Amino acid sequence: MARINQRNMASHIVGYPRMGPKRELKFALESFWDGKSSAEDLEKVATDLRSSIWKQMSEAGIKYIPSNTFSYYDQVLDTTAMLGAVPERYSWTGGEIGLSTYFSMARGNATVPAMEMTKWFDTNYHFIVPELGPSTKFSYASHKAVSEYKEAKALGIDTVPVLIGPVSYLLLSKPAKGVEKSFSLLSLLGSILPIYKEVVAELKAAGASWIQFDEPTLVKDLDAHELAAFSSAYAELESALSGLNVLIETYFADIPAESFKTLTSLSGVTAYGFDLIRGAKTLDLIRSSFPSGKYLFAGVVDGRNIWADDLAASLSTLQSLEAVAGKDKLVVSTSCSLMHTAVDLVNETKLDDEIKSWLAFAAQKVVEVNALAKALAGQKDELYFAANAAALASRKSSPRVTNEEVQKAAAALKGSDHRRATNVSARLDAQQKKLNLPVLPTTTIGSFPQTVELRRVRREYKAKKISEEEYVSAMKEEISKVVKIQEELDIDVLVHGEPERNDMVEYFGEQLSGFAFTANGWVQSYGSRCVKPPIIYGDVSRPNPMTVFWSKMAQSMTSRPMKGMLTGPVTILNWSFVRNDQPRFETCYQIALAIKKEVEDLEAAGIQVIQIDEAALREGLPLRKSEHAFYLDWAVHSFRITNCGVQDTTQIHTHMCYSNFNDIIHSIIDMDADVITIENSRSDEKLLSVFREGVKYGAGIGPGVYDIHSPRIPSTEEIADRINKMLAVLDTNILWVNPDCGLKTRKYTEVKPALTNMVSATKLIRTQLASAK
């Protein structure tokens, strides 16, 4: 075969999933944490995964292959380790950071808590937040970037080492405990750059010719002071970087014009990477003002979804960019790291061929990137492109995708606001007459512990090893047990415990049309935890009731109100891989209409309290403030659609996880639920400060009184103290008492005493309130 002219075969991958095609890293980590395997065993799994990823990219023809995107837990934590920025509580004494210190920071240990975890931009991945202050001592304490570069080199693969850029690292950090909230994290730039220089010097000495700095904070709304930090950081690094090609990679959104200007005038930088999927407007900036003589890494293959690329469309975008950057300076890339998508379609044996032909997971996206690079270089694989065009055409015309009736119903929503007929205080009065609840009513969020036995029964039913009758009888027994426990604890509004549910989104998706499920489509959420998002490929509708049978059964076991338990449309949307052939809000409205039918069927079946969880409402908030209002408008509207048709006497609850609500409190009020329960205990009650600052809230509210993510059992006094803090800012007649979240991951030995103390604390305060009257 004649040697291909490498000049134009330029392809690049921003990053790759770490967990392995069958979650090998997850199982190796958990085995190591449980003390069942050694550090060497863990390292062996990691080494094998890394080498197979590098070889796979190399064999696919990728020119710029990333290294140091692998991680045992999180890439930001890896950077904290590289900089030796270990908080004092971990008693680290210096030297190279070992696994024990590293995992203590990530997960806590017997004596000290973990560092805080928060969402990575607007993805469902979470990173470990660095804790920094004026007294943080930095030192070069993890040589991971260099050792992984050398490891790949030993396999004969020259990689591009990837580091989180110094400015994004600081902007993603938080002031450590005891440090003034106003402390300028960017003031630490001068302290961390010397370490970056050491790393760069070692990489150069090891033979690296390219280096990639990920600076994704450039897509956020930055002020002049923050933008200036980028200019000064890279000016300071310029001499250290001389002789290297330097790529600055951005992703997840359009880059603002000011930031584009700052980025493209950084000193010592050779190449710029952009997300052209979520940053389509960036194309205009590139066309009008991309600097000459620089490399353009064009992120045309979507790193955040599972759809096959439209190769013909991508190729025409790339061809138009050749005129801007020049033929030998244009590199085909992914829009962001592929860690946000599933690993390999090869492992999907259950998906039917039609749907499978519409998809591309990480391994397939690597091939797409290379096919585009070859096509640009004049070596288009006509068969591959034709198969892609045929798959796209089949997706467009498939009767499984389009449901006229659903399209019509969703279009008809446009004219209305979908609000309930009366205001919340009148509804609460009507509900109280019917429900007759005590002051400070107690409830739980929904799920009860999922025992090994329960999971076994569900598994056996799915595998058809037990009959439907046996399954229903096992579930009935479990629900009856959960109802009894709650009655004995004297909880006011009960739940059925959700024993029949595997996951709060999957359970509903399996019963709605337009959804498909994978066997191995796992995506890392944090550490070793992975999620398997459903795929929404078509119009969504609800062929049959989904929860009515179980809720009705549970209500028949008690005279106390039993909550119907549903997942809201926005959460189902945000926790799925969503179709990319119509706007997200249209899909959300379709899901809302399906949930609306379920709400009305529950009401007709005699369920008087219905909870519609919107755990992920805030997660979908766009990165740029200018886009917030539009998102919040359709997200909140979708929630209202689900319950606008119920009677005043039916009480609608919603539950939200994640603590940062202060900026969207007005949208939460606009959801117009009767009662909202909110995760609160972990965030040092930041939430209550909103009400302290005078936001008027007239609906029922239950800020969580204890953290269910920890096995710790809070005392009655501690919970009573929490309730009193809430009463200082909220009216007695609207406050509810409940845990933070569902109890499914806890054990009964933790749940019973914690709930006992929660009810005791509530009764104690009821007594105090009565005597104060």
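Residue numbering: from 1, along the chain as shown.
Any Cβ shown, glycine's included, is placed from N, Cα and C.
According to TrEMBL:
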- HIS709: active site, proton donor (ACT_SITE)
- LYS26, ASN124, ARG529, CYS530, TRP575: 5-methyltetrahydropteroyltri-L-glutamate binding site (BINDING)
- ILE445, GLY446, SER447, GLU498, ASP613: L-methionine binding site (BINDING)
- ILE445, GLY446, SER447, ASP613: L-homocysteine binding site (BINDING)
- HIS655, CYS657, HIS666, ASP670, GLU679, CYS741: Zn(2+) binding site (BINDING)
- 11-324: domain 'Cobalamin-independent methionine synthase MetE N-terminal' (DOMAIN)
- 440-763: domain 'Cobalamin-independent methionine synthase MetE C-terminal/archaeal' (DOMAIN)
Inter-residue C-alpha distance, TRP575 (5-methyltetrahydropteroyltri-L-glutamate binding site) and ASP670 (Zn(2+) binding site) (nearest angstrom): 22
Most crowded position, judged by CB atoms within 10 A, among ASN124, SER447 as binding-site residues: SER447
L-methionine site, defined by ILE445, GLY446, SER447, GLU498, ASP613: further same-chain residues with Cβ within 8 Å of the Cβ centre: THR444, VAL495, MET504, MET565, GLN611, HIS655, CYS741, GLY742, LYS744
Spatially closest candidate among ASN124, ILE445, SER447, CYS530, the listed binding-site residues, to ASP670 (Zn(2+) binding site) (Cα to Cα): ILE445
Spatially closest candidate among LYS26, ILE445, GLY446, ARG529, CYS530, the listed binding-site residues, to CYS657 (Zn(2+) binding site) (Cα to Cα): ILE445
Euclidean distance between Cα atoms of ARG529 (5-methyltetrahydropteroyltri-L-glutamate binding site) and the residue listed as 'active site, proton donor', Å: 14
Between SER447 (L-methionine binding site) and CYS530 (5-methyltetrahydropteroyltri-L-glutamate binding site), the C-alpha gap once rounded to whole angstrom: 20
Residue pair HIS666 (Zn(2+) binding site), ASP613 (L-methionine binding site) - Cα distance, angstrom, rounded: 18
Nearest recorded site to ASP613 (L-methionine binding site) by CA-CA distance, among binding-site residues ASN124, CYS530, HIS655, GLU679: HIS655
LYS26, ASN124, ILE445, GLY446, GLU498, ARG529 screened against CYS741 (Zn(2+) binding site), Cα within 10 Å - retained binding-site residues: ILE445, GLY446
